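Listed in Swiss-Prot for this protein:
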type: REGION; residues: 1-151; note: region 'Dimerization and phosphorylation'
type: MOD_RES; residues: 83; note: phosphoserine
type: MOD_RES; residues: 85; note: phosphoserine
type: MOD_RES; residues: 112; note: phosphoserine
type: BINDING; residues: 152-273; note: 3',5'-cyclic AMP 1 binding site
type: BINDING; residues: 274-416; note: 3',5'-cyclic AMP 2 binding site
């Protein structure tokens, strides 16, 4: 007998489990009643404004046109599948249409019905023996280059990163080869060294290509992080090479580190007013994908005119926002005038992501600054419910610019 798991059930139960572990309620039944009642009320309040509904207004035009923001090596179809890392393979896509799917290997591994429980707090650092795959200097250099922009690795300390690099192994693939298959157990996390790959998702027995990778990116993390079967099939469309990280090492280092990061940033993220519209499970995902960046006094964080690839939240310190405008006497020596300052809990860098245009201003650190950074893909995927708040801020920005420059600097209107 085949039992189909309803869409959204896994995420719903994961969010509830996290809340139970956080609060340790004495009356579990009463806690469950309050938790799901609150979720229902939040859902009713959001209504059609929820991200992904037909009524959404943000980003549609920019997404359809391809925008001007680099996609970090992964390109999505018109109704993209959305994931938790470098636009990987692990979340459900939009309803799929008919297509000629590639032939799937019939001798695939058994799909998981239930995965083992895992508590990162209870596992000792030396519980598992270290895994080391010897590498040549050339392989090590290529591996470091492939991993330098992987968000999951951003918060690892040097010793943890060294263990990850030691444990990764090279996997050569041929054109047409299936790297992972939807429904299989998660065994490895993969980082792309070279090659192109298509992402296929099957829905109601019908498969569809929902995106592709072009010589960079990573996939396979969510099946390992959340103990769920693979949610997509990744097929090589050219000869290529991958770096794989086994399940044991991934969970020992990455998942444990992620759990520590959750403890550190959960309360901070929950305190941010502009994220109040997110559900608990959505805020936890924000914690999972953010990276930490530290800037020294005077260091540039973003530059006016650059393409936008990240969104920033100030954790500590002070950030100065400046804009260049020729012909004004009150500008600083570098031709820029200060228009704002950001402090703890405030954000910047969202304007270029909301408007799909290059950076409208520059940002510099005043003293030592620590920021939480989120890449553009995660920003679009996770902060949909907050987008209306951010769009309302554009009017405030325009008023400030008119007062300073006599014009709104065309921060919203598309350029020719």
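A Cβ is built for glycine as well, from the same backbone N, Cα and C atoms used for every other residue.
Everything Swiss-Prot records as a feature, shown here on the structure.
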residue : record                          : Cβ contacts under 8 Å, 6 or more apart
264     : 3',5'-cyclic AMP 1 binding site : none
310     : 3',5'-cyclic AMP 2 binding site : 302, 349, 373, 374, 375, 376, 379
364     : 3',5'-cyclic AMP 2 binding site : 298, 299, 300, 301, 319, 320, 322
382     : 3',5'-cyclic AMP 2 binding site : 278, 282, 285, 286, 289, 374
- Item | Conformational class of residue 274 (3',5'-cyclic AMP 2 binding site) under the three-state DSSP mapping | helix
- Message: I need the nearest neighbour of residue 216 (3',5'-cyclic AMP 1 binding site) among the binding-site residues 274, 292, 346, using C-alpha distances.
- Response: 292
- argmin Cα dist to residue 184 (3',5'-cyclic AMP 1 binding site) over the binding-site residues 274, 292, 346 returns 292
- Message: Spatially, which candidate from the binding-site residues 152, 232, 248 is nearest to residue 346 (3',5'-cyclic AMP 2 binding site), comparing Cα atoms?
- Response: 152
- Could you check what DSSP calls residue 168 (3',5'-cyclic AMP 1 binding site) once collapsed to helix, strand or coil? coil
- Message: On average, what pLDDT score does this prediction assign to the region 'Dimerization and phosphorylation' (1-151)?
- Response: 58
- Could you tally the C-beta atoms, other than its own, that fall within 10 angstroms of the C-beta of residue 216 (3',5'-cyclic AMP 1 binding site)? 19
- Message: I'm trying to understand the geometry here, so how far is the Cα atom of residue 292 (3',5'-cyclic AMP 2 binding site) from the Cα atom of residue 248 (3',5'-cyclic AMP 1 binding site), in Å to the nearest whole number?
- Response: 25
- Query: Between residue 248 (3',5'-cyclic AMP 1 binding site) and residue 274 (3',5'-cyclic AMP 2 binding site), how far is it from one CA atom to the other, in Å?
  - Reply: 37
- Could you check the binding-site residues 200, 274 and say which one's CB has the fewest neighbouring CB atoms inside 10 Å? 274
- Packing count at residue 346 (3',5'-cyclic AMP 2 binding site) (other Cβ atoms within 10 Å of its Cβ): 16
- Taking only the CA atoms, the spacing between residue 232 (3',5'-cyclic AMP 1 binding site) and residue 274 (3',5'-cyclic AMP 2 binding site), expressed in whole angstrom, is 32
- For residue 200 (3',5'-cyclic AMP 1 binding site) and residue 274 (3',5'-cyclic AMP 2 binding site), the CA-to-CA distance in whole Å is 34
- Query: Including all protein chains shown, what's the count of other C-beta atoms within 10 A of the C-beta of residue 152 (3',5'-cyclic AMP 1 binding site)?
  - Reply: 27
- Message: Tell me the Cα distance separating residue 274 (3',5'-cyclic AMP 2 binding site) from residue 168 (3',5'-cyclic AMP 1 binding site), rounded to the nearest angstrom.
- Response: 39
